[in-house]
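A quick write-up on the structure given underneath.
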Amino acid sequence: MMQVLPIQNGATTKECPPLGRLIVLTGPSGVGKGTLMRALLQRHPELYYSVSMTTRSPRPGEIDGKNYYFVSRSKFEQLAAQGEFLEWAEFAGNAYGTPREAVLNQVSSGKLVILEIELEGARQIRASFPSALSIFILPPSFDELERRIRGRAQDSEEAIARRLRRAQEEIQAADEFDIQIVNDDFETAVNAIEAALFE
Ligand code: ADP
Ligand code: 5GP
């Protein structure tokens, strides 16, 4: 029987996951990406959430291997040099990266794999995987974004300032992505992501 592969926009020299699909969820820090992801995973345990690696220190309550793999800068640089990341980027003074092998294995086994990553990494994935579905989450307003970052109460004043500066640049890039969803009412936003994934 003939096997039908997803169309890769003629991307013969690019990396082509044969069966499942990569989903990129991006948007400024504090917009609610992590909270939306958790709600989605509760509703759809069959989704595969890629746990990233970072040089950032764990926040209170964060667990190594669940929220992130927390590693030293030298370990991160070694892995990056060995090509172990599908994408990686610097964000607000730390490095973040998506483990290549785990993600490609999951996509090959037919899973919907979600990467919750910042703008530069999202751009790298779009370039390498043109068939990935990319979703940009927007805040209802910049003031509300600041309230959410501060309300989370887990970042230093300096980290908050860096994240807000970066957020302004990130929001301007929203149109580069396939779908834009405003995370104002939480349920409405989860439903919109769900519709995009399973339509
Ligand atoms: P990100 O992962 O994008 O950095 P988080 O998921 O940590 O953002 O969310 C930042 C804060 O905003 C959290 O305190 C979260 O509870 C809150 N939040 C998320 N979505 C909403 C929403 N729709 N309305 C109000 N607060 C929200
Ligand atoms: P935080 O420090 O708030 O957990 O994450 C900061 C930013 O890094 C967020 O926008 C988050 O989506 C992003 N991020 C998390 N993991 C990765 C990753 O593997 N790669 C990239 N490029 N960004 C990531």
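Cβ coordinates are placed from backbone N, Cα and C, and glycine is handled just like the others.
Going by TrEMBL, these are the annotated features:
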DOMAIN    20-198  domain 'Guanylate kinase-like'
BINDING   Gly27, Pro28, Ser29, Gly30, Val31, Gly32, Lys33, Gly34  ATP binding site
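Overlay of TrEMBL annotations on the structure.
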{"residue": "Gly27", "record": "ATP binding site", "contacts (Cβ under 8 Å, 6+ apart)": "Lys33, Phe136, Ile137, Leu138, Pro139, Glu170, Ala174, Asn183"}
{"residue": "Pro28", "record": "ATP binding site", "contacts (Cβ under 8 Å, 6+ apart)": "Pro139, Leu145, Arg163, Arg166, Ala167, Glu170, Ile171"}
{"residue": "Ser29", "record": "ATP binding site", "contacts (Cβ under 8 Å, 6+ apart)": "Phe91, Ala92, Glu118, Ile149, Arg163, Arg166, Ala167"}
{"residue": "Gly30", "record": "ATP binding site", "contacts (Cβ under 8 Å, 6+ apart)": "Pro139, Leu145, Glu146, Arg148, Ile149, Arg152, Arg163, Ala167"}
{"residue": "Val31", "record": "ATP binding site", "contacts (Cβ under 8 Å, 6+ apart)": "Ile137, Leu138, Pro139, Leu145, Arg148, Ala167, Asn183"}
{"residue": "Gly32", "record": "ATP binding site", "contacts (Cβ under 8 Å, 6+ apart)": "Ile137, Pro139, Arg148, Asn183, Phe186, Ala189"}
{"residue": "Gly34", "record": "ATP binding site", "contacts (Cβ under 8 Å, 6+ apart)": "Glu116"}
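Same-chain residues with CB within 8 A of the center of the Gly27, Pro28, Ser29, Gly30, Val31, Gly32, Lys33, Gly34 CB atoms, the ATP site residues themselves not counted, are Ile137, Pro139, Leu145, Arg148, Asn183. Secondary structure at Gly32 (ATP binding site), taken from DSSP and collapsed to helix, strand or coil, is coil. Closeness to ligand 2 is met by Ser29, these being the binding-site residues among Gly27, Ser29, Gly30, Gly32, Gly34 whose Cβ falls under 6 Å from the molecule.
The number of other CB atoms found within 10 A of the CB of Lys33 (ATP binding site), across every protein chain shown, is 19.
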